[in-house]
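Trainee: Annotated transmembrane segment per TrEMBL: 34-55, 67-86, 159-178, 184-208, 275-297, 330-352, 386-408, 414-433, 445-469, 481-500, in sequence order.
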Amino acid sequence: MTIPSDSEAASLDSGHVRLHELGYKQELKRDLSVISNFALTFSIISVLTGISTLYNTGLNYGGPVSMVYGWLVVCIFTMLVALSMAEICSAYPTSGGLYFWSAKLAGPQWAPFASWITGWFNIIGQWAGTTSIDFSLAQLIQVIILLSTGGKNGGGYVASKYVVIAIHGGILLLHGIINSLPISMLSLLANFGTVWNVVGVVVLIILIPSVATKKASAKFVFTEFNTDNGVGINSRPYIFVLGLLMSQYTLAGYDASAHMTEETKRSDINGPKGIISSVGISIVFGFGYILGITFAVTDIPYLLSQDNDAGGYAIAQIFYMTFKKRYGHGFGGIMCLVIIAIAIFFCGMGSVTSNSRMAYAFSRDGAMPLSSLWHQVNKEEVPINAVWLSVLISFCMALTSLGSMVAFQATVSIAVITSYIAYALPIFFRVTLAAKHFVPGPFNLGRYGLIVGWVAVIWVVIISVLFSLPVSYPITIETLNYTPIALGCLVILIVSYWIISARHWFKGPLTNIDK
């Protein structure tokens with residue numbers, strides 16, 4: 001393959017040079033700074049999105065204790081996963097990210113299968129993530145409309161499931177249009193999204209407790225454990241681990257920094273910085289947000305009741321009642337929900353960006369049906385077909401909500417589990433098959449790399465089991481946790497496709513530089 005000469009390399013970006021060394025042409029426009037890379041990933045993690053949309057889960061399973069201390073537990077292990085990923089990203093800064101890493105680290109014999117299974121887990125996890133993000137925004141918009149028209153107890157408008165899915169489709173359409181813009185414009189929007197997330201969190205942390213006429217005590221926030229969940233589970237440890245889903249769902253999506261490396265300057269350094277900084281700053285702001293909102297919680301059963309004004313949407317009810325009790329109306333609370341809605345919009349926008357880059361890279365290596373179509377870029381150097389593929393699949397995945405919300409809710413768990421399995425696979429190969437021959441990039445963990453890697457892998461195994469456990473007893477069709485069933489079907493499908501067909505033609509990542 002063609003490698004830049006020393007004189008050419010001196011004038012090229014270090015990420016550009018490394019991309020050539022790995023066998024790829026520079027096809028996407030390399031125009032993102034480290035701040036833009038961080039901004040996009042920070043917007044995807046979006047503590048306003050994850051915590052706000054799954055606050056009900058946290059309240060129901062353990063309440064303040066599971067949210068506050070569960071956040072700290074999840075943050076420690078998530079940072080270890082992020083550090084391991086950052087180390088590998090520094091060595092292999094390509095848009096393929098995780099599946100490319102697996103191929104390189106598993107060695108020639110296992111490379112095709114390792115990259116195949118990692119890639120499919122990664123891209124399905126991303127599609128499921130985009131689906132859950134944009135659908136949660138559609139649900140929040142429905143709640144905003146409900147409260148704006150009088151609330152559930154005041155004759156407010158309750159949207160049908162068909163209206164919600166239509167709103168979801170409209171949101172995805174907007175995200176597709178935005179992601180069809182040049183990367184420079186997308187970068188500006190991502191930067192604005194980061195500012196919005198940071199300012200929004202700070203405003204809500206200060207505003208909600210300040211406006212609240214009645215506040216929870218510090219003892220309540222730091223010691224109250226809610227076992228009144230109405231789902232037949234009384235074991236405190238069991239309740240606590242189920243409550244971890246809120247935190248772990250929030251702290252996901254940071255592989256976006258890796259998928260944007262071919263568009264990031266000095267990506268062998270700035271890609272890892274994007275991963276670590278986005279997780280670290282999200283941890284700090286997320287903890288502050290949980291504390292700020294929970295100090296306004298005084299009646300957990302009422303917040304979770306379907307009979308309150310927000311129809312059981314806990315965080316919306318908190319905001320609405322906080323302002324209504326102080327000023328006689330809930331307009332301020334509705335505006336707080338608008339702040340969250342805009343943050344979720346930016347989160348979904350970034351998620352589609354990350355999805356499309358993964359689909360572009362995976363199809364570039366021939367792993368997807370109609371690969372030649374999905375890896376095409378337009379004159380603005382945007383993988384336009386991959387963008388709209390991601391939009392279409394995310395919409396189709398949400399259609400399950402029309403049949404069963406219980407089945408659809410498994411999408412949230414699937415988004416977490418498949419994404420983290422994809423995170424863990426290259427780390428596993430790094431600490432096993434590649435333990436002795438891994439060549440680190442500019443960012444590395446030195447002698448701690450193996451230890452951190454093993455802890456990260458073990459954590460992913462643990463959460464994969466925990467989030468597959470029953471969430472309600474007795475177990476019926478209506479209460480069944482469909483996550484293990486969906487995950488099992490997914491594994492069977494991916495492996496069967498490999499055995500029947502892909503093993504004969506998929507050889508792992510393919511170089512596209514002329515020999």
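Counting begins at 1 with the first residue displayed.
In case you wondered, yes, glycine gets a Cβ from its N, Cα and C as well.
Just so you know, TrEMBL annotations never went through curation; they're auto-generated.
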Trainee: With contact taken as 3 or more Cβ pairs under 8 angstroms (pairs 6 or more apart in sequence), are the transmembrane segment (67-86) and the transmembrane segment (386-408) in contact?
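Mentor: These two stretches do not touch.
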Trainee: Sort out the residues at least 6 away from either end of the transmembrane segment (414-433), same chain, that have Cβ-Cβ distances under 8 Å to it, and list them.
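Mentor: 81, 84-85, 87-88, 98-99, 101-102, 105-107, 110, 114, 117-119, 121-122, 124-126, 128-129, 131-132, 245, 248-249, 252-253, 255, 449-450, 453-454, 456-457, 460-461, 463-464, 467-468, 483, 486-487, 490.
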Trainee: Who are the long-range neighbours of the transmembrane segment (386-408) in its own chain, taking Cβ under 8 Å and residues 6 or more past its ends?
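Mentor: Distal contacts: 126-128, 130-131, 134-135, 161-162, 164-165, 168-169, 172-173, 175-176, 179-180, 352, 355-357, 359-360, 363, 374-375, 478-480, 482.
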Trainee: Sequence gap of 6 or more, Cβ distance under 8 Å, 3 or more pairs: do the transmembrane segment (275-297) and the transmembrane segment (34-55) meet that?
Mentor: yes
Trainee: I'm a bit unsure how to read this: which one of 34-55, 184-208, 330-352 has the highest number of Cβ pairs shorter than 8 Å with the transmembrane segment (159-178)?
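Mentor: Answer is 330-352, with the largest number of Cβ pairs below 8 Å.
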Trainee: Would you kindly list the residues that approach the transmembrane segment (184-208) from elsewhere in its chain, counting only those six or more residues past its ends and only Cβ-Cβ distances under 8 Å?
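Mentor: Same-chain residues near the transmembrane segment (184-208) but 6 or more away: 29, 31-33, 35-36, 38-40, 42-43, 46-48, 178, 285, 288-289, 291-293, 295-296, 318-319, 322, 336, 339-340, 342-343, 346-347, 349-350, 353.
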